[in-house]
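Engineer: Structure in structure tokens, see below.
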Amino acid sequence: MTQLSTMTMIAGATDDGHYANGFANGDMNSANKFYETVNESDATFNNNNYEGKSMLNCKSDQSDYDPKGKNESEKDYMFLGIKFKQPLKVVNAVSIIGFHLVSLYAFLVNFRSPHLFTVLWAFLVGGIGGFGVTAGAHRLWSHRSYKAKTQLRVILALCFSVAGQNTIFDWTRDHRVHHKFSETDADPHNSNRGFFFAHVGWLMMKKHPDVIRKGNQVDMSDILADPVVQWHQKYFVPLKILLCFVIPSVTPVYFWNEEWAIAIFTMAFIRYVFQLNFTWLVNSAAHMWGNKPFDRKINPSENLGVSLVSMGEGWHNYHHTFPWDYKAAEIGDFRYNITTSIINLFAKIGWAYDLKQPSKELIRKTIERSGDGSHPEHGMRCMPEEVPMEADENSNLVD
């Protein structure tokens, strides 16, 4: 997940404005395309109309990399006496480190037991934000694995704001690039660069030139054509401040007389930091540890622990094999894939529809053709690698 993904700017300026398109200039006629690329000379991105903004309303850094493609990886950059191979985004780095240090202080040094309702409230808010990330930014907008009526898209956008991550546009673009160029220099959080980089380091550094170049080519016309995403983009900063920090912190004080300090530390710092790290684990741990029953040649793995804390996003070997499956996993029960269960509830009332998933036959053939043999039902019948795999009706959405 970029961007599961994205996947997640905190209080610093983003570096995405130089290749994010202004919504007004989107090509609405190509909104039915998905994951197609365009030639660089034909890219419709207007670099002057969009400025990536953060919670602090900082303007984006328009000079991440030399537009001529100069190899920045050959240079060394110094920060606080430490040598880095990539230029740091100092505001982001300070913000991320700051949130973690305050949370550690509140949790380990100055810990005061919160009210039981505050603890339950933290879990509820975390679940609301997690649902916005997994069902919204990830499965709906990034992969179009199902369709949602306007009322559900509004709910998902609001839930996504509770998570306090980046804009839907940026999250989606980075995640599409991640899937199309996974574990290459064009992958925003390439796990081959190590756990720390894939987990959070990529948010502290300016993007590799290949990430920027490929990001300029990803078709985002469907996102530009979505009025809910446009609305979220317009009010991104106030929505993030209000729904991620203010309301979660104020609610315990006014409804069950929690102390202000405890409410703020618990909801605006500890809950927020835990939620961010749960999302980041999809990009790091789920790309490094676990079995690979569907495709043994890729890094993404099946990781139960990550699935439990990310509401079902840790079944990553399956997800990278069938990225268009709305379940993001072979299983979809409430214990190990809460997001799927909630989407199914919305499907029952008609707010979610056209739920995409592969046939059982396609899954079986994929397991037998390319799995590592660990699948409990089909793993021992792995077929030779050269046996071709039949595609199904959704195979054009695999990238």
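Glycine is no exception: its Cβ is also placed from the backbone N, Cα and C atoms.
Below, the features straight out of TrEMBL:
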TRANSMEM  90-108  transmembrane segment
DOMAIN    119-323  domain 'Fatty acid desaturase'
TRANSMEM  120-141  transmembrane segment
TRANSMEM  235-255  transmembrane segment
TRANSMEM  261-282  transmembrane segment
COMPBIAS  367-384  compositional bias 'Basic and acidic residues'
REGION    367-399  region 'Disordered'
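Describe each of these features in terms of where it is and what it packs against.
Structural biologist: Confidence for the domain 'Fatty acid desaturase' (119-323), expressed as mean pLDDT, is 96.
Same-chain neighbours of the transmembrane segment (120-141): 1, 3-6, 114, 148, 153, 156-165, 168, 171-172, 175, 223, 226, 229, 244, 248, 251-252, 266-267, 270-271, 274-275, 278-279, 310-313, 326, 328, 338-339, 342-343, counting only residues six or more beyond its ends whose CB sits under 8 Å from a CB of the stretch.
Counting same-chain residues at least six beyond the ends of the transmembrane segment (261-282), those with a Cβ under 8 angstroms from any Cβ of the stretch are 1, 4-5, 7-8, 10, 99-100, 102-103, 106-107, 110, 112, 114-115, 118-119, 121-122, 125-126, 129-130, 133, 163-165, 199-200, 244-245, 248-253, 306, 309-310, 313-314, 316.
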